[in-house]
Amino acid sequence: MKQRLIVKTALSAAILATLAGCATQPTQEWAADTTYKLTVLHTNDHHGRFWQNKYGEYGMAARKTLIDELRAEIQAEGGSVLLLSGGDINTGVPESDLQDAEPDFKGMSKIGYDAMALGNHEFDNPLDVLMKQKEWANFPMLSANIYDKKTGERMFQAYEMFDKQGIKIAVIGLTTEDTAKLGNPEFIGAIDFRDPKEEAKKLIAELKETEKPDLIFAVTHMGHYEDGKRGINAPGDVALARYLNEGDLDMIVGGHSQEPVCMEAPNVVKKNFKPADECKPDQQNGTYIVQAHEWGKYVGRADYEFRNGELRMVSYDLIPVNLKKKVEVDGKSQRVFIESEIKEDTALLEFLRPYQEKGQEQLNVKIADTNGKLEGDRNVVRFQQTNLGRLIAVSHMERAKADFAVMNSGGVRDSIEAGEVTYKDVLTVQPFANILTYTDMTGKEVLDYLNVVATKPVDSGAYAQFAGISMTVANGKVSNVFIGGKQLRLDETYRFTVPSYNAAGGDGYPKLTGHPGYVNTGFVDAEVLKEFLEKNSPIDVNKFAPNGEIVYK
């Protein structure tokens, strides 16, 4: 905030010169030539992980212990703390999803979060669920760029002011404009997700006039893209920092891309970051940019010194929350803590336990067996055809008696390991409660549809998994299309399935809901998958292995 300091100092000097000998109230509450310590702790993309995983990693009870210890340490040294979240509290773990993330928001309140950004997955549910979640949270949910289409007014709080030892800090919230296509179209039709860069610039100008903050931070859910190279994604944190005037924004606490933002060099992200590795945040146009991967695996810690209006980052760390690694002991593989074990906070653990037990009662029932892994990892399924993507598509195709099936990879949220399969596994893979839809189209319409959907790029949730169809994709077009082993005929009619999210235009797919051949079956995707697994158990994963049906050139 160097520019503000210069203006403020010049103004103060002018007043002093004019009113020589008269006592003047300083414009700032902090003392000159005094060094203040400020620490920002942060997480993002929680996605329902209020409970530790089956290996004893992360979880909110251990996170609270860590944050309480950090707070005590920092305050003992005369420092102040802000605890921020980059959003996406919703969607990902069945025990949370079935309870509208109540344990997660109430857990965050007990941990003591100061503010969060609204993420795109906050809009997976009807708005009345989000309003209920606002009541469960004792901290503000921020977004300056979400507007009501009818009234033209902001729907959520745009910023929150904090006073830390006389330092006035404005925290603004911003949400990716991609929410318009990533959120559930059934629930966001009346919402306008405006350009967060423009809204940030406008809001910062207003804040300078009204609140006159010493520092401006942003909690964002926009994504961090190396050197701003975002592909088909909406502009992220790098683009935001570059768009603003240098010095206007001191720090971005981000989310959405679900990665550790650790840099090897300017504009070069450190590849293969591992727990306990050193992490240097990105810095763009005078703005620090941080992100703490996902799921509460880490708590980010940014230590600053503030002196005479200037902010300087002293150190940064991503602290693992009970993450483990595999080691060989006596010829057997076992998992050990990477750093010292963090004990779970007893009070929070007991508060969360009934939620966990209630969820597990419904989920831990075996429904099938599989003889191998069904691959749904986002780093695989968003880049290539996988056996799990194929299996889900086949389950939809069979239920709808369709000729082929289209399944967006963003709707495949996890893998299924070999062995017993439970309902929880199914809901972890498909947590969004999308409805199975199908559409009857002519071959010509199908070809036009595939030219949009099959050409979606890798590394995005729009990348499509297929069943019952083969084709070649090259130069933004499809060719050599075969359905059910027979070449596509433009004058024939075909039936294909697609999740309701995509049928409504999600992921930038062509909207089908107004097509005369469109049918909403009413079948929930997870239930369709569950019944398919039960019916075909034991599952032979080799039957669903891709075999070159979709060729990319």
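Along the chain as shown, the residues are counted starting at 1.
Glycine is treated like the rest: Cβ placed from N, Cα and C.
For the divalent metal cation 1 site, Swiss-Prot records D45, H47, D88, and the single candidate of Q165, Q258, Q283 listed with them is Q258.
For the substrate site, Swiss-Prot gives Y501, N502, A503, A504, G505, G506, D507; the one candidate out of F383, F404, F432, F544 that the record lists there too is F432.
When the binding-site residues A503, A504, D507 are ranked by how far their Cα is from the Cα of Q258 (divalent metal cation 1 binding site), D507 comes first.
With N502 (substrate binding site) as the anchor, the candidate recorded positions are D45, D124, H221, H256, and the one with the nearest CA is D124.
In sequence order, the binding-site residues near H256 (divalent metal cation 2 binding site) (Cα within 10 Å of its Cα) amount to none of F432, A503, A504, G505, G506, D507. Other than the site residues D45, H47, D88, Q258, same-chain residues with C-beta atoms no more than 8 angstroms from the centre of those residues' C-beta atoms, the divalent metal cation 1 site, are N44, H46, G87, G92, G119, H121, G255, H256, E294, W295. In this structure, H47 (divalent metal cation 1 binding site) belongs to neither helix nor strand by DSSP; it is coil. Here is what falls inside 10 Å of the CA of N120 (divalent metal cation 2 binding site) among the binding-site residues D88, F432, Y501, A504, G506, D507: D88. Its own atom aside, the Cβ of G506 (substrate binding site) has 27 Cβ atoms within 10 angstroms in the protein chains shown.
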